[in-house]
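Input: a single structure, listed below in structure tokens.
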Amino acid sequence: MSNVVIMGAQWGDEGKGKIVDLLSREIDVIVRFQGGNNAGHTVIVGDKSYILHLIPSGILHEGKTCLIGNGVVLDPVVFWKEVEALAERGIDVGPQRLMISRKAHVIMPYHKALDVAREDFKNKESRIGTTGRGIGPCYEDKMSRIGVRAGDLADPALLRSKIEAALVEKNALFTALYGREAMSVDAVFDEVMAVGGRLVPYLTDVSSVIEDAWANDSGVMFEGAQGTHLDIDHGTYPFVTSSNTVAGNAAAGSGIPASRLDRVVAIVKAYTTRVGAGPFPTELDDEAGNHMQSVGHEFGATTGRKRRCGWLDCALLRESVRLNGPTDIALTKLDVMSGLKELKICVAYEYNGQRLQHPPQEQNGLAHVTPVYETMPGWDDDITAAKTWEDLPEAARNYICRIEELLGVPVSMISVGPERDQTLNRK
């Protein structure tokens, strides 16, 4: 069985949830390896829609084991709400098939308060568009070696001592710098334990579970969140998330050897979207952009914010290919492009008198590039009922083939609608 990484190749919201859901049919274990509840995966099954922020999309398939790896930052309240919501809809979310790494760090109430206080404190121009869910401050504490880990929820004395130590610094920031009220040790401890205690049965050694799966010849899928260009190191810094979103982090964020990863599927939306602030060379503020936004229902699953829309950017995607080494591409939302008379693909950038095949590496460089476009004919056909490659109009097939040529990676899956069965497989 293969061990496959699913990662977003753009700025997130590429449709990873649907692809994970589809490929979960062939895989026994699904692992979330980074990020927190600042990302949302939407999966539509029949007339039911599921939005998942922490729990892997594979939970919707009976008998699959779903793991939350050490690279994730976990909000206990959000996790438990997802558990209850899925249970109410008849999904088995017991600890025999849903497990959390003891090494995963916990988002504490003071992390969320600090996230909001900092963003409010900044002037409008310096804000990065954080979701305010405490992701960044939690990762900060992890790197500072003062964080609370999921395993600490089983040790109330240790948990309380960590809260006491953390609030010495956090309360100084709240009161002296941000003009907020100090937080109480007792209040924070009680809030966390009210839910945290319920998570204890879900705690496990994720590395060991994966190792056992391999011993039984089971395949494992590693589910990423956000997208490549939100990566803390390789994204459009500082307009990025607080974790490594690239495929290579699947190993570190799950506690497994990188040599076991043998397939990387890059999820690419047929156009480009971005939520929040940050450079976006192909952004559109015209009829075509409005078409993508309205037909594609481009609102964030986590924040509800309207997504910015633009033409497909293959210069940006070349960087994703270089960083992730994908074996194949799953192209999503191709149906949204129906009705556009012509399509444009950014094939390079003009920057400081040079033509670049990849984004400039200096900070703010991407904000000053000029996209170089190729124009292709569009199509009017409704492709949502397409079942085979031949069912697609010639213009759509040509669009896909040009993407393959520009990136040097085959497109193996094509999504033509939100439903599970609205997917073409080109294997």
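Residue positions begin at 1 at the first shown residue.
Every residue gets a Cβ built from N, Cα and C, even glycine.
Feature annotation from Swiss-Prot assigns GTP binding site to 12-18, 40-42, Arg307, 333-335, 415-417. Secondary structure at Asp13 (Mg(2+) binding site), as computed by DSSP, is coil.
Taken from Swiss-Prot, the feature Mg(2+) binding site applies to Asp13, Gly40, supported by sequence analysis.
Residues annotated as IMP binding site in Swiss-Prot: Asp13, Glu14, Gly15, Lys16, Asn38, Ala39, Gly40, His41, Thr131, Arg145, Gln226, Thr241, Arg305. Other Cβ atoms within 10 Å of the Cβ of Gly15 (GTP binding site) number 21 in total over all chains.
Marked as active site, proton acceptor by Swiss-Prot: Asp13.
Here Swiss-Prot flags His41 as active site, proton donor, drawing on sequence analysis.
Positions annotated as substrate binding site by Swiss-Prot, on the basis of sequence analysis: Ala301, Thr302, Thr303, Gly304, Arg305, Lys306, Arg307. Remark: Arg307 (substrate binding site) has Asp13, Thr273, Arg274, Val275, Gln293, Glu298, Phe299, Gly300 as non-local neighbours, by Cβ distance under 8 Å and separation of at least 6 in sequence.
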Distance [Cα-Cα, Å, rounded] between Gly15 (GTP binding site) and Arg305 (IMP binding site):
16
At the Cα level, what's the spacing in Å between Arg305 (IMP binding site) and Gly40 (Mg(2+) binding site), rounded?
12
Determine the Cβ neighbour count for Leu334 (GTP binding site): the number of other Cβ atoms within 10 Å of its Cβ.
24
Which whole-number value in Å describes the distance between the Cα atoms of Asn38 (IMP binding site) and Gly12 (GTP binding site)?
11
Taking Cα atoms as reference points, which of the binding-site residues Gly12, Lys18, Leu334 is nearest to Gln226 (IMP binding site)?
Gly12
Measuring Cα to Cα, tell me the gap between Lys18 (GTP binding site) and Gly40 (Mg(2+) binding site) in whole angstrom.
11
